[in-house]
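A.B. asks: Just passing along the structure, written as structure tokens.
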Amino acid sequence: MRVLFIIAGLALLSVVCYTSEMKERSSFNEVLSEFFAADEPQERDCLGQWASCEPKNSKCCPNYACTWKYPWCRYRAGK
């Protein structure tokens, strides 16, 4: 009878550890997916840094400038 309780206790402990590990793994995967989703470009009406642009029709975001010398959106320092 004692052996049966020990086996049942070990089985219960195994199930508890397994569920705990699955919870931890799923929360870790959620954190990783949110972290990498932040790197994905978002849709916006203006062009971000290093985006190719036309000086005549600059669609760069505020604080970025597009010039003839540098036909890409770059940070506009001091203005």
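Placement of Cβ uses the backbone N, Cα and C atoms for every residue, glycine included.
Not my notes, these are from Swiss-Prot:
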SIGNAL    1-19  signal peptide
DISULFID  CYS46-CYS61  disulfide bond
DISULFID  CYS53-CYS66  disulfide bond
DISULFID  CYS60-CYS73  disulfide bond
MOD_RES   ALA77  alanine amide
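Any idea what these are sitting next to in the structure?
C.D. replies: Other Cβ atoms within 10 Å of the Cβ of CYS61 (disulfide bond), summed over all protein chains shown, number 14.
CYS66 (disulfide bond): 21 other CB atoms within 10 A of its CB, across all protein chains.
In sequence order, CYS46, LEU47, ALA51, CYS53, CYS66, CYS73 make up the list of same-chain residues 6 or more apart from CYS60 (disulfide bond) whose Cβ falls under 8 Å from its Cβ.
The DSSP secondary structure for ALA77 (alanine amide) is coil. Sequence-distant neighbours of ALA77 (alanine amide) (same chain, 6+ apart, CB under 8 A from its CB) do not exist here.
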A.B. asks: Find, among the disulfide-bonded residues listed as CYS46, CYS73, the one whose Cβ has the highest number of other Cβ atoms within 10 Å in the structure shown.
C.D. replies: CYS73
